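Chemist: Take this structure first; my questions come after.
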């Protein structure tokens, strides 16, 4: 099955069932996420990097995402008895010369924190790092993982439509398209 983290699938095939399959493959981890990002605006995306504020992934970020395809990725808290969640930013260079950035945040302690996500286009090519994480988390109106769909302009004539649940076993589905 192509429904594994690190795979590229047809954008039209990006469903919650696919993301649940990716999530199950991570096994019994208390904080984990399956990410699916659909490339609909007619560009090619090339992987730059993932910055993890906490947590990790055993999967290599899919390198090239053609138009009408979706990437699958995952993340999990660090192994062992550590009190961390999985928080990070994915960066893709887009063929228009800009960078697509996607934030995901699955906390360890739900008494203090909630799930959050964000998507934004940065001018030029920029790798994900701590500064990008802080901008996406604190400054650019992230969405709470509230089991609902949200849409916003993400810059440079593009919009992002996404969904994240509120669970520690999270799914994040984002569709990037022209405005």
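Every residue gets a Cβ built from N, Cα and C, even glycine.
Relevant sequence annotations retrieved from Swiss-Prot are reproduced here:
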REGION    1-29  region 'N-terminal alpha-helix that contributes to the pore'
REGION    11-30  region 'N-terminal region'
BINDING   31, 79, 168  N-(acyl)-sphingosylphosphocholine 1 binding site
BINDING   51, 53, 138  N-acetyl-D-glucosamine 6-sulfate binding site
BINDING   53, 54, 85, 113  N-(acyl)-sphingosylphosphocholine 2 binding site
REGION    105-120  region 'Trp-rich region, which is important for the binding to lipid membrane'
BINDING   114, 144  N-(acyl)-sphingosylphosphocholine 5 binding site
BINDING   116, 137  N-(acyl)-sphingosylphosphocholine 3 binding site
BINDING   133, 138  N-(acyl)-sphingosylphosphocholine 4 binding site
Chemist: What residue among the binding-site residues 31, 53, 79, 144 has the most other CB atoms lying within 10 A of its CB?
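Modeler: In terms of Cβ crowding, the pick is 31.
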Chemist: Using Cβ-Cβ distances, find the residues under 8 Å from residue 113 (N-(acyl)-sphingosylphosphocholine 2 binding site) that belong to the same chain and are at least 6 apart in sequence, listing them in sequence order.
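Modeler: Same-chain residues close to residue 113 (N-(acyl)-sphingosylphosphocholine 2 binding site) (Cβ under 8 Å, separated by 6 or more) are 85, 105, 107.
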Chemist: Three states by DSSP: which one describes residue 138 (N-acetyl-D-glucosamine 6-sulfate binding site)?
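Modeler: The residue in question, residue 138 (N-acetyl-D-glucosamine 6-sulfate binding site), is helix (DSSP, three-state).
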Chemist: Tell me whether residue 133 (N-(acyl)-sphingosylphosphocholine 4 binding site) sits in a helix, a strand or coil according to DSSP.
Modeler: helix
Chemist: For the region 'N-terminal alpha-helix that contributes to the pore' (1-29), how many residues does DSSP put in helix, in strand and in coil?
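Modeler: Residue counts in helix, strand and coil order: 13 helix, 3 strand, 13 coil.
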Chemist: When DSSP states are folded down to helix, strand and coil, where does residue 54 (N-(acyl)-sphingosylphosphocholine 2 binding site) land?
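Modeler: Reduced to three states, the DSSP call for residue 54 (N-(acyl)-sphingosylphosphocholine 2 binding site) is strand.
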Chemist: Across the region 'Trp-rich region, which is important for the binding to lipid membrane' (105-120), what are the DSSP residue counts per state (helix, strand, coil)?
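Modeler: Its residues divide into 0 helix, 7 strand, 9 coil.
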Chemist: In whole Å, could you give the widest CA to CA gap in the N-(acyl)-sphingosylphosphocholine 1 site formed by 31, 79, 168?
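Modeler: Those residues reach a largest Cα separation of 15 Å.
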